[in-house]
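The annotation NADP(+) binding site is assigned in Swiss-Prot to Gly166, Ala167, Ser168, Ile232 on the grounds of sequence analysis.
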Amino acid sequence: MRASLIDGKAIAKKLRDSVKEEVNLRISNGQRVPGLAVILVGCDPASQVYVGSKRKACEEVGFISRSYDLPHTTSEQELLALVSELNNDDSIDGILVQLPLPKNLNADLIIEHINPLKDVDGFHPSNVGKLVLRQPGLRPCTPKGIVTLIESTGIDPKGLDALVIGASNIVGRPMGLELLLAKCTVTTTHRFTKDLEGKVRNADLLVVAVGKPGFIPGEWIKEGAIVIDVGINRLDNGKLVGDVDFGAAKERASFITPVPGGVGPMTVASLIENTLIACQQSSQ
C-alpha cells in the first residue's frame, strides 16, 4: 500500500478562503472585521517565522492585525498590563502570545490572564476544561487542525484505535481529548511508556508530536493506518523532516501528512478560524 498525502496547504487555503468570505459578508452587512493581536517577546528566530506566517494569514483574510514586538527584557508586569489592555479593547477578538516566552516570564500566568473569550490559541484553563467536559469553546489550534485533516480523508474515526505520541499541553494532551470527542479509543504515550513499538503497530490512527527527527520507524506503521506527523525538525543539511520516517511510512499507511506542508498550515488556519468565531460570539 502506498499512502495518499494529506495536503495541509490545500485544506488550509480552503479554510482561509471560507473565513475571508465570512469577513466580506460582515463588511457588506456593516459589521466590524475581526481583530487579532500577536505578541512576540524576544527575538527567537523560529518564533519570528511563526509570528510572520500568522500575521500574513490575517492580512490575507482581511482581519485587523496588531503586532507587539517586545524586547526580551520585558517584565512580567509589563506583559500582563499589555494583555489587560487588549482584553478591554473591543476591536480585538483574539490575543496570541507566541510561545516559548523568555525564561524570566511565567507563561502559565500570562496565558491565564488572557480573557478566555479572546484566547484564540485555546490554551486558557477555561477552554481546555471545556474540551474535557465535551463542551468545546475555542479549541487548541494544532489539535483542531489535525481533526480537520483527519476528516478530509473521508474515514470515520469512530472506534479507531488512536495513538498520540507526546503528551505536551500544546498538542498531545488536547489531541487526546479531541480524538475522544471523535469517539476513538485513545492511548497517549510519554517517556515512561513501555513497548512503544507494539502500541504503534496496533494503531489505526497515529499522531506523533515529539520533536525528534525520524523518531518512529516507518516499518512500525500498521498497514492502512492514518499517520499525522506534527514534528518539524531541521537537519544539519537544512532539510525539514518530521518525527516519522516518511519514506518507509508512506509505503504502509493509507494516509499521511508530509513535512512540511501537512499540520503546520492547518495550525495557522485554525487560529484564523478561532479568531472569526471569537468575533462572531462577541457580536451576539
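Using N, Cα and C of the backbone, Cβ positions are placed for all residues, glycine too.
Positions of Swiss-Prot features highlighted on the structure.
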residue: Gly166; record: NADP(+) binding site; Cβ neighbours (10 Å): 23
residue: Ala167; record: NADP(+) binding site; Cβ neighbours (10 Å): 18
residue: Ser168; record: NADP(+) binding site; Cβ neighbours (10 Å): 15
residue: Ile232; record: NADP(+) binding site; Cβ neighbours (10 Å): 17
How many angstrom lie between the most widely spaced Cα atoms of the NADP(+) binders Gly166, Ala167, Ser168, Ile232? 16
